[in-house]
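Data block below; observations after.
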Amino acid sequence: MPPPSPFRAAHLHLHTLRTPKTPRPAFFAVQHRHASTKHPKNFRPPTQDELEDLRERTIDFTRREITHDVAQATDHSNEFPHAMWKKLGDAGLLGVTADEEYGGLSMGYQAHCVILEELSRASGSIGLSYAAHSQLCVNQIMLNGNEEQKMKYLPDLVSGDKIGALAMSEHTAGSDVVGGMRMTAKEAGDGSGYVLNGTKMWITNGPDAHLVVVYAKTDPEAGTKGMTAFLVDTSSSGFSVARKLDKLGMRGSNTGELLFDNVHVPHSHILGSVNKGVKVLMEGLDLERLVLSAGPLGLMKAALDVTLPYVHERKQFGVPLATNQFMQGKLADMYTKYRASSAFTYSIARHIDESYEDPDIKTQDCAGAILYAAERATECGLDAIQCLGGMGYMNEMAAGRIMRDAKLYEIGAGTSEIRRMVIGRAFNKEFGVR
């Protein structure tokens, strides 16, 4: 096992000082799922001291490595700073929910939210690529991989030597990804595995990834019961990146269209079971939405970071802008939206962590957290631009980047409209209504 990172060493030290917590009761009898494998081995809920220590260490990392100039250059060049992966790995940030034996922190979803929030505060695009790697890829393997797969892939992913991604969406399958999926995986003639054919679209980290979690139809006639998840090595013959996409925001979070032309995948690379891909998908989807809701939190913080100093220093009519009541109203709204969104996300993450022995994960809570935070983040980005006036419209300032980055969270990981549908359907299911 590799030596512990600074983050892990500090976590181990604090672990000896804490006392056990009593899991909080669930207050509402609503739709939820129970499982026993959502957290790493030997997991115990982190104390507030541990989470604050983790936050401070992450902030120290971003101040050193993701400065304003780095964030702006990443956005303007539309290029991810490749050396950042190894820096993130060396700092111990890439395996938050991975077991210690693979180099992970063996922490939970509160910790993951803390790290993503502070990375996104420094750079939305770097934060998004981080989440695609550490949550969509690493955590999916932790939740669904067998021991051989974990040993083979997780150490390099956690160290930052390899980059991970998840490929689900297609040109014709966005919100209707399960029903509209066209990518196929047919059994190889020699029985050695499966052959994948098709395309995947809007894949975060796709142009850079060494390993991709790929969903494909192994039995197209079976609908939701005919999809399988695969671990695809991007060095495989027949795999290629058709193009890197030029996006409105999250620039530098390299996103691409992936082509699979007779890509052979051995049986050992099936994630979960054949035709059980929907189970793999759902195992991670609620937690994906929860963790990703921390991205908008960081962007709201970033909007305040940009706006507050400016309106207190900039003078018009002989007084600081912040003395204007209209401006005070915008600041109050931005701050309140951040605080409310943060309370929502972390209360859900805390409940999931504290119920770790029999995790209580409510679909409507996770969808609600990202629905609310994403929309509030876009509003805060727009308010930041307005508060800065003409300077807010200049690309040399971060306000425009923050707003453009925030808008992605209303679209990716399920649009705001789909999230509302998911919440409504959860209540319908509770009351036996189809």
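The backbone N, Cα and C atoms fix where each Cβ goes, and this holds for glycine too.
Per TrEMBL, these features apply:
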| type | residues | note |
| --- | --- | --- |
| DOMAIN | 49-161 | domain 'Acyl-CoA dehydrogenase/oxidase N-terminal' |
| DOMAIN | 165-263 | domain 'Acyl-CoA oxidase/dehydrogenase middle' |
| DOMAIN | 275-426 | domain 'Acyl-CoA dehydrogenase/oxidase C-terminal' |
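Secondary structure of the domain 'Acyl-CoA oxidase/dehydrogenase middle' (165-263), assigned with DSSP and counted as helix (H, G, I), strand (E, B) and coil, comes to 11 helix, 50 strand, 38 coil. In the domain 'Acyl-CoA dehydrogenase/oxidase N-terminal' (49-161), the DSSP tally of helix, strand and coil residues is 86 helix, 0 strand, 27 coil. The average pLDDT computed for the domain 'Acyl-CoA dehydrogenase/oxidase C-terminal' (275-426) is 96.
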